[in-house]
Structure formats: C-alpha cells, structure tokens
Amino acid sequence: MAIRNLRFNDDEILRKKCRVVDDINDRIKVLVEDMIETMYENNGVGLASPQVGILKRIFVVDAMDGAGSRVFINPEILEKSGEQTDEEGCLSLPGRHKPVKRANKIKIKALDVNGNEFVLDAEGFLARAIQHEYDHLEGVLFIDHEL
C-alpha cells in the first residue's frame, strides 16, 4: 500500500468524467487500498479516483459510522429522496467550504473490491458523502452546486 499524491484545485482531471472499470484485477485492488490509505492519511471521509489522478469509476468512503471504509466500483445511484443542506469541503480544494443541498436518502448499487454487486440504502451524512464522491466521477465538484 502507498499514499497517493492528491490532485488539487484547477487540475483538469477533476473535471473529467470517469470510465467504467471493466476488470477488477490486482492493479485495481492495489489502487483501492492506496485510496483508502490516502483518505485516512489526509483525514478525509471519502476519496474518488480522479483525486489521485485515475479516471476510473471508483470511490471510497468512511462516514465514521463504525462500518469502516466502504468501496464503490462502477456505482449507480438508483433513488434519491428528501433534502438536506450542510457545509462541505474537499481534500482537492483545501480550505474551501460551502453549504450544499443534497438528497437526504439514497439507494446506490455498486461492486465491492471482489466484484460482488451490492445495494446500499444510505441516509444523512453517509448519503451526503456518497453523493459528494459520486459527483467526482462525473467531473463535478461541490463548489458547482447552487443552493
């Protein structure tokens, strides 16, 4: 495992849409482990692959809810409901914070690091963190959201 260098601010990779992961091979598994280590090293609650310079549909989240790190490969948000507004920040935009309106509840489908499909119902802070990281896969940053 290794800590990866983060991409910051105006790096154009943060604005690009990520590609689907076709094969969860050893390189992808190492990337996931590196992302988890990088997230924790930088005191983050989530990290998406473009933040470490890789345009693949992968993100990791630890919402500090006791579940540990969760891995999402090729995620698809199936449902959104409710509304919440709270302040967000981002490891790629250090020192920047702003209130962002997001769905309060979501249902997301993804693959885990072993290629097993799962569906997760998330709400509150976990739902917010997932939506924030999912946006990164679409080339969207939290500063793009209007209240």
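Each Cβ is built from the backbone N, Cα and C atoms, and glycine gets one as well.
Non-local neighbourhood of His132 (Fe cation binding site): Gly46, Glu88, Cys90, Val100, Arg102, Phe142, each in the same chain, at least six residues away, with C-beta under 8 Å from its C-beta. The Fe cation binding site annotation in Swiss-Prot covers Cys90, His132, His136.
Annotation source Swiss-Prot lists active site at Glu133. For Glu133 (active site), the same-chain residues that are 6 or more apart in sequence and have a Cβ closer than 8 Å to its Cβ are Gly46, Leu47, Ala48, Phe59, Val60, Val61, Phe72.
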Assigned conformation of Glu133 (active site) - DSSP reduced to three states: helix
Cys90 (Fe cation binding site), number of other Cβ atoms within 10 Å: 25
Spatial neighbours of His136 (Fe cation binding site) that are distant in sequence (at least 6 apart) but have CB under 8 A: Leu14, Cys18, Ala48, Ser49, Pro50, Gln51, Phe59
